[in-house]
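Pulled from Swiss-Prot, these are the features on record:
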type     : residues : note
SIGNAL   : 1-22     : signal peptide
DISULFID : C28-C46  : disulfide bond
DISULFID : C33-C59  : disulfide bond
DISULFID : C37-C61  : disulfide bond
SITE     : K45      : site 'Basic residue of the functional dyad'
SITE     : Y62      : site 'Aromatic residue of the functional dyad'
Amino acid sequence: MQKIFIILVLFCILKFNVDVEGRIASQCDLSACKERCEKQNKNGKCVIETEMDLVYRLCKCY
């Protein structure tokens, strides 16, 4: 019984770790974002958007 409990705890820890690290679908490089938006005479900013269970860090020009 104790072995089953330990396996269950380890499984939950690994599952949580994958959920946290695996949810980010894209990264935003702030310097590249600002450079791209400067060409449009706008300010660049990295924003976080969610869709379903995924988190996107996108570059937006304002």
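Quick reminder: no glycine exception, Cβ is built from N, Cα and C everywhere.
Feature map: Swiss-Prot annotations on the structure.
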{"residue": "C28", "record": "disulfide bond", "contacts (Cβ under 8 Å, 6+ apart)": "C46, V47, R57, L58, C59"}
{"residue": "C33", "record": "disulfide bond", "contacts (Cβ under 8 Å, 6+ apart)": "G44, K45, C46, C59"}
{"residue": "C37", "record": "disulfide bond", "contacts (Cβ under 8 Å, 6+ apart)": "N43, G44, C59, C61, Y62"}
Between the disulfide-bonded residues C46, C59, C61, whose Cβ has more other Cβ atoms within 10 Å than any of the rest?
-> C59
Cβ neighbour count (within 10 Å, all chains shown) around Y62 (site 'Aromatic residue of the functional dyad') = 8
The number of other Cβ atoms within 10 Å of the Cβ of K45 (site 'Basic residue of the functional dyad'), counted over all protein chains shown, is 15
Can you see whether DSSP assigns C28 (disulfide bond) to helix, strand or coil?
-> coil
